[in-house]
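Here's what Swiss-Prot has on this protein:
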type	residues	note
SIGNAL	1-18	signal peptide
DOMAIN	24-123	domain 'Ig-like 1'
DISULFID	C60-C108	disulfide bond
DOMAIN	132-230	domain 'Ig-like 2'
DISULFID	C157-C214	disulfide bond
DOMAIN	240-323	domain 'Ig-like 3'
DISULFID	C262-C308	disulfide bond
DOMAIN	338-432	domain 'Ig-like 4'
DISULFID	C357-C415	disulfide bond
DOMAIN	440-532	domain 'Ig-like 5'
DISULFID	C463-C514	disulfide bond
DOMAIN	539-631	domain 'Ig-like 6'
DISULFID	C560-C615	disulfide bond
DOMAIN	643-743	domain 'Fibronectin type-III'
DOMAIN	751-918	domain 'MAM'
REGION	779-798	region 'Disordered'
COMPBIAS	779-788	compositional bias 'Polar residues'
LIPID	S932	GPI-anchor amidated serine
Amino acid sequence: MEVTCLLLLALIPFHCRGQGVYAPAQAQIVHAGQACVVKEDNISERVYTIREGDTLMLQCLVTGHPRPQVRWTKTAGSASDKFQETSVFNETLRIERIARTQGGRYYCKAENGVGVPAIKSIRVDVQYLDEPMLTVHQTVSDVRGNFYQEKTVFLRCTVNSNPPARFIWKRGSDTLSHSQDNGVDIYEPLYTQGETKVLKLKNLRPQDYASYTCQVSVRNVCGIPDKAITFRLTNTTAPPALKLSVNETLVVNPGENVTVQCLLTGGDPLPQLQWSHGPGPLPLGALAQGGTLSIPSVQARDSGYYNCTATNNVGNPAKKTVNLLVRSMKNATFQITPDVIKESENIQLGQDLKLSCHVDAVPQEKVTYQWFKNGKPARMSKRLLVTRNDPELPAVTSSLELIDLHFSDYGTYLCMASFPGAPVPDLSVEVNISSETVPPTISVPKGRAVVTVREGSPAELQCEVRGKPRPPVLWSRVDKEAALLPSGLPLEETPDGKLRLERVSRDMSGTYRCQTARYNGFNVRPREAQVQLNVQFPPEVEPSSQDVRQALGRPVLLRCSLLRGSPQRIASAVWRFKGQLLPPPPVVPAAAEAPDHAELRLDAVTRDSSGSYECSVSNDVGSAACLFQVSAKAYSPEFYFDTPNPTRSHKLSKNYSYVLQWTQREPDAVDPVLNYRLSIRQLNQHNAVVKAIPVRRVEKGQLLEYILTDLRVPHSYEVRLTPYTTFGAGDMASRIIHYTEPINSPNLSDNTCHFEDEKICGYTQDLTDNFDWTRQNALTQNPKRSPNTGPPTDISGTPEGYYMFIETSRPRELGDRARLVSPLYNASAKFYCVSFFYHMYGKHIGSLNLLVRSRNKGALDTHAWSLSGNKGNVWQQAHVPISPSGPFQIIFEGVRGPGYLGDIAIDDVTLKKGECPRKQTDPNKVVVMPGSGAPCQSSPQLWGPMAIFLLALQR
């Protein structure tokens, strides 16, 4: 008997279908969540409209085998500031509190390696309405030779919105319209930012002095309410006017306390005052209170422009600016310029010579310079001139010119810069002029032209400068256009000619230029030299990790290739197997000269040679490893997600079956698959049922199938599937299967609606009745529900099971009806049987009616069955024969009785062809848990001649 059952188990539930189920990806975008409007009038332009701040939820529904991978991308929309792109690798795209800048076109790209990827898009339009802004402008013009003045007022209302807003102007509570009278004009100006409407009041009249309201509306799109702003126009309405308590340019000494007052001289309504600083925010410690700005202990960094702005939405804002200058001096420099006319670069007797001195000061024009020679003030003469503001030099530079240089002019010259009468320290710089004063030369020390360091180490680039005086050295990059130094600057000054770099990286490799500065030395053509920096870094190899599959007995070649490194060569390669060192493989002569890869050949894959191989490659700077996992394991199965109607329910129990389908990934890469190990576990439970599924030779693209039976409604299950070959277990694949209620169809001989799914098998609420049927179970029912009426659980007796019922408590009244309408069925037989369970318990039970709605000539409802009154606190079954004459629907009608104790429930509705059974089915049926039944049970339709033959053979 056991042998027969095992043989039946192997033959009956397992099927193999044809090959070629691999299919390219197909995609469709559906929307969910808090969408407010969806415009699909134009098929080529799908628009999903959502309110700003709501949650955007888009789903990319995909088909294809293997299961496609989904990627979401976005390009900017009209409300976005610039191009944006974001990638989300998930079938569901969810954005909480979406902003207007997140509007745009969203693309769903699905690909599975078969054919070309599927790309679908939808445009997301974010709806919003900002607070409106209202400004007032006035003009006064003379009319008829100054006899009187005509005053015109423009009220400008501006708002940002999507979609475009509608404007409504009101005077008090009265709505104004265009050309309502000669004194009112409403128009939209050209070339304006945002949406604007202007209310023009011509030749202002007494009645025009009133409160004006600008109301903006997007016509309640997405539930966005209207917004409004009000302004009261009076005969004193005026734009703001300001004056400052200080001059527009304020020069102070460092350390002083600065106070600036911005005084209002006009404006109605009362203007608002605000201080700002440019560039950057107000200094730390600065206090802006009303129109008073206080800066304690001001420093040089606090210099800048301080703006006082007054606004009252009348006219243009009034603005006053104070240029605060904090006295300071820094960076004293000098220049030695030989005779320019003779284009000389050396100091020579008999030629002209110019010494220049400059400091960076605030204010620059207030700096005074004084020259000294050998400690004494320089005396002006025909050969010694002091000039200021040389056009060839920086602004406010003092120059000492020596005409026809004599030997007596040699000496030490000192330039002193100062602020007269200010507590700012003087700055000075010395210049020594002698026969030893020569222009600079620059060179790279021997052996320092090429600097080679390892990545992450410090580096020092050096250039030597000779000459007197020695100018600073300026460093820059040569080989990379517009490249910055590690300091973030394009040019860096070093006083000793050494550029020090910390923790160099590979992108710092290249040529660096060192050149003499034209200040603090000779003002001549810069001298240059170059230093090459080579940054060595460890090798990068591929593959970093690779899964190598091969059948037992077949050879395998493992290759580790060098991608990049410095130096770009393999100095050594070491192979390890499971951490143990392997002898070096033989070297190919052609690859020994410049090796860029390392190879290891396995003559045959065996159980002993299967495992982890590591190739460690070194270039004398560092090392990198290629990892290979060699085995004869079978690849994981590929679940087929496009099975039509995989769920099948059973009318006599709260169980369902599921059609599980899959293909085997690369079955020819390893040994043939002998069988599959199937493990199925109900979610939130630990015990699993394990079954073995034997198979014949599996080919690529061949669709395999197994029917999972005795699954409990409405639970979900985790399914794990593992292929087995002669090598052993392969890679496991897992998925979650969910119960989905199948839609009733009379074409299926055994199809029961348990109402476990929210779709309730396609049933709908009638729109013409008084109230609705409710779907619930023992876990979701209202704890305050009336006692002594309604079922405690569904027909299965489990708290998770759902049923449909009518709640007859208030505000329901006697005779109120609730109708539940089935999908439309095409009549293909003369007789049908409607079977269902009902629960009618309570002293106020009304009636439960079954109607048939015929659709062959309009909609005609016919009573097929009716039951009234209290039938006890039990589930009972009814079989109702019907004979529709054409397409039809069935309707369950619940009628409310005289009181609130009249809840009626139905469950497990079945529609099948043929006549109804003569005997009623016992409602107390037994529910079989998954795996608890006899191992040789199977679906009834699979019992055929083979089963009869096996039973006969057993006897």
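Each position is counted from 1, following the chain as shown.
Note that Cβ sites are derived from N, Cα and C of the backbone, with glycine treated the same way.
Structure coloured by features recorded in Swiss-Prot.
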{"residue": "C60", "record": "disulfide bond", "CB count, 10 Å": "25"}
{"residue": "C157", "record": "disulfide bond", "CB count, 10 Å": "25"}
{"residue": "C214", "record": "disulfide bond", "CB count, 10 Å": "23"}
{"residue": "C262", "record": "disulfide bond", "CB count, 10 Å": "26"}
{"residue": "C357", "record": "disulfide bond", "CB count, 10 Å": "25"}
{"residue": "C415", "record": "disulfide bond", "CB count, 10 Å": "25"}
{"residue": "C463", "record": "disulfide bond", "CB count, 10 Å": "27"}
{"residue": "C514", "record": "disulfide bond", "CB count, 10 Å": "26"}
{"residue": "C560", "record": "disulfide bond", "CB count, 10 Å": "27"}
{"residue": "C615", "record": "disulfide bond", "CB count, 10 Å": "23"}
Same-chain residues at least 6 apart in sequence whose Cβ lies under 8 Å from C108 (disulfide bond): A27, I29, L58, C60, V70, R71, W72, L93, I119, K120, S121
Residue from C214, C357, C415, C560, C615 whose C-alpha is spatially nearest that of C308 (disulfide bond), among the disulfide-bonded residues: C214
Pairwise CA distance, C615 (disulfide bond) versus C357 (disulfide bond), rounded so that it is a whole Å: 66
For C463 (disulfide bond), the three-state class that DSSP assigns: coil
Residues in the domain 'Ig-like 2' (132-230) grouped by DSSP into helix, strand and remaining coil: 6 helix, 56 strand, 37 coil
Euclidean distance between Cα atoms of C514 (disulfide bond) and C415 (disulfide bond), Å: 29
Candidate disulfide-bonded residues C157, C214, C357, pick with smallest Cα gap to C463 (disulfide bond): C357
Nearest recorded site to C514 (disulfide bond) by CA-CA distance, among disulfide-bonded residues C157, C214, C262, C357, C560: C357
Nearest of the disulfide-bonded residues (C157, C214, C262, C357) to C560 (disulfide bond) - Cα to Cα: C357
Secondary-structure category, per DSSP, in which C560 (disulfide bond) falls: strand
Taken over the domain 'Ig-like 3' (240-323), the model's mean pLDDT: 94
Per DSSP, three-state class assigned to C415 (disulfide bond): strand
Tally of DSSP helical, extended and coil residues in the domain 'Fibronectin type-III' (643-743): 3 helix, 53 strand, 45 coil
DSSP-derived helix, strand and coil totals, residue by residue, for the domain 'Ig-like 6' (539-631): 4 helix, 51 strand, 38 coil
DSSP residue counts for the domain 'Ig-like 3' (240-323), split into helix, strand and coil: 3 helix, 49 strand, 32 coil
DSSP three-state assignment (helix, strand or coil) for C514 (disulfide bond): strand
In three-state DSSP terms, the structure that C108 (disulfide bond) belongs to: strand
